[in-house]
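Novice: After the C-alpha cells below, expect a handful of questions from me.
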Amino acid sequence: MPRLLDRQTPVHFIGVGGIGMSALARILVDRGHSVSGSDPRDNATTQQLKTLGVKVFRQQDATCIDAVTGRTAADSPVVVISTAIPESNPELQRARQQGLEIWHRSDLLAALIEQQPSIAVAGSHGKTTTSTLITTLLLEADQDPTAVIGGIVPSLGSNGHSGQGKLLVAEADESDGSLVKFSPSLGVITNLELDHTDHYSCLDDLISTLQRFAGGCDRVLANHDCPILQEHFQPTAWWSNQSDESVDFAALPLSLDGDRCVARFYEAGQPVGDFTLPMAGLHNLSNATGALAACRMEGLPFNQLVEGLAGLKAPGRRFDLRGTWKGRHIVDDYAHHPSEVQATLEMARLMVRSGRSPLPSAPQRLLAVFQPHRYSRTRQFLDGFAKALQNCDLLLLAPVYPAGEQPLQGISSNALADRVRKLKPDLEIAVAENLDQLTELVIQHSLENDLVLAMGAGDVNGLWSRLTS
C-alpha cells in the first residue's frame with residue numbers, strides 16, 4: 001500500500017462513476033495524483049470528474065488499460081476495482097495481463113484511514129446520513145475533515161473531500177464484508193439488521209463481520225437502542241434516544257414535528273443542553289445523536305456543535321426534495337430495506353398529519369412510489385415490504401430493479417402488490433410495467449399538494465426528470 005500513498009503514482013478506477021469510487025478519485029486528484037477511470041455511464045458524476053482533470057473512458061475494455069499504461073512500472077497506474085467488477089471484465093483482465101498492481105476499493109480506503117485519525121461509520125441503516133452529519137459538524141467547527149461518503153454531502157456538494165484538518169470521516173460499507181480491513185481511531189455502529197443476503201447467509205454472519213470491524217477500531221461508539229448491538233457488542237461508549245440511564249450519550253426528544261426534532265442532550269446521565277435538529281423522524285434523531293456523540297468523543301465542545309446543527313441537511317437521496325411539479329411535491333429517497341421504507345413513510349406521514357414540513361406547502365396526501373431492488377432481496381423481504389408499504393394513501397409500484405440478477409419465479413412487483421392488498425384491502429395500488437408507465441401513473445393518480453415519495457436504490461430517482469421533461 002505505501003507505493004500509492006507515498007509517491008505520485010497514477011491511479012485508474014474501473015467503474016469510476018460509482019458513488020464510492022468517485023469519492024476516492026476526487027481525493028486522489030486533490031492530493032496530486034494523475035487519475036483516470038472508465039464508466040459506460042455518462043452522468044453528473046463522470047462530468048464533474050472530467051472537470052477535475054480525470055480522464056474518463058466511456059468503454060470498459062483492454063484499450064483503456066493500454067492507454068494509461070506507461071513504459072515503466074513507475075509510470076503505470078495502480079488499478080482500483082470494486083466488488084461490482086467481475087473477473088470477466090475485459091479491462092480488469094487486461095490489467096492482470098499487463099502485471100499491473102490491482103487494489104480493491106476497500107484497500108485504498110483502508111490505506112487512507114491508516115494515514116490519519118479517522119472516524120468510520122458502519123451499520124445496516126443510517127451510515128450515509130450519520131457520516132454526512134459528522135462531516136458537516138466538523139466543517140461547521142472549522143475542522144475541515146477529509147471525507148469519503150456514500151452520498152453527496154450538501155455542505156460540500158460532493159461525496160469526497162481532501163481536507164486540511166487532522167480527521168478523516170468515512171462510510172464503512174458492510175455489503176461485501178470488506179470493512180474488516182479498516183482500523184479507524186473511532187468506529188461508529190448505527191444498528192444491525194439482516195441485509196445483503198447475497199453475501200451474508202444469516203444474521204450471525206453479519207454480526208461476526210461487524211465484530212471483526214469493531215475489533216480493529218481503537219474505540220467504538222454504538223447505538224444502545226438496537227437490541228442486536230446490545231446483545232453482541234461491548235463498545236467504548238453507547239448512545240440512546242430512549243433513556244439517559246446506563247449510556248454515555250443520549251438525546252431524548254422533547255417534540256417531534258414534520259420539519260424538526262427538539263431534544264435534550266445528556267452525557268453520563270447529566271443534561272448538557274437542548275438542541276433543534278432541522279430534520280424530521282426518530283431515525284434522523286438517532287443519526288444526529290450518534291454524530292454528536294462521535295464529535296464529543298473527539299473533544300469538540302457541545303455548544304459549538306449545537307451551532308453547527310442549525311444548517312444540517314441530509315445527504316442526497318435521503319428524503320431529497322427534488323422540486324414541485326404542478327403543485328405535487330416530488331421527494332426522492334434511497335430506502336430499499338423494509339425498515340428504511342417504514343421509517344421514511346412514518347416521517348412523510350408525520351408531515352401530512354402535522355401540517356409542518358420542509359416542503360413549500362403542507363402536503364394533503366402521501367403517494368408512495370416504490371421500486372424493489374434485486375429479485376433475491378425482494379424474495380427475502382417480501383412480507384416486510386408489504387407491511388411497511390401500507391402507510392400511504394396511494395401506492396405505485398415500479399418493476400423490480402434487477403441490478404444484474406436474473407428474474408426469480410413468482411417474485412415481482414405484482415406479487416408484492418398482492419401481499420399489500422391482503423394486509424390493507426382498501427389501499428389503492430397500481431403496478432407499472434416500466435418507468436414510462438410509472439410516470440404516467442403518477443400523472444394520472446396524483447393531485448395538487450400531494451407528497452409524491454419515490455423510494456428505491458435503482459433508477460426510480462429519475463422520476464423527477466421524467467415528469468419535468
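In case you wondered, yes, glycine gets a Cβ from its N, Cα and C as well.
Take a look at what Swiss-Prot says about it:
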type	residues	note
BINDING	Gly123, Ser124, His125, Gly126, Lys127, Thr128, Thr129	ATP binding site
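Describe each of these features in terms of where it is and what it packs against.
Specialist: Secondary structure at Gly126 (ATP binding site), as computed by DSSP, is coil.
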Novice: Quick check: with Gly123, Ser124, His125, Gly126, Lys127, Thr128, Thr129 left out, which same-chain residues have Cβ atoms within 8 Å of the centroid of the ATP site Cβ atoms?
Specialist: Val121, Thr130, Thr190, Asn191, Asn287
Novice: Validating a neighbour-count step here. Other CB atoms within 10 A of the CB of Ser124 (ATP binding site): how many?
Specialist: 22
Novice: Which residues in the same chain, at least 6 apart in sequence, have a Cβ under 8 Å from the Cβ of His125 (ATP binding site)?
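Specialist: Thr190, Asn191, Glu193, His283, His337, Ser339, Glu340, Ala343 - these are the non-local Cβ neighbours of His125 (ATP binding site), listed in sequence order.
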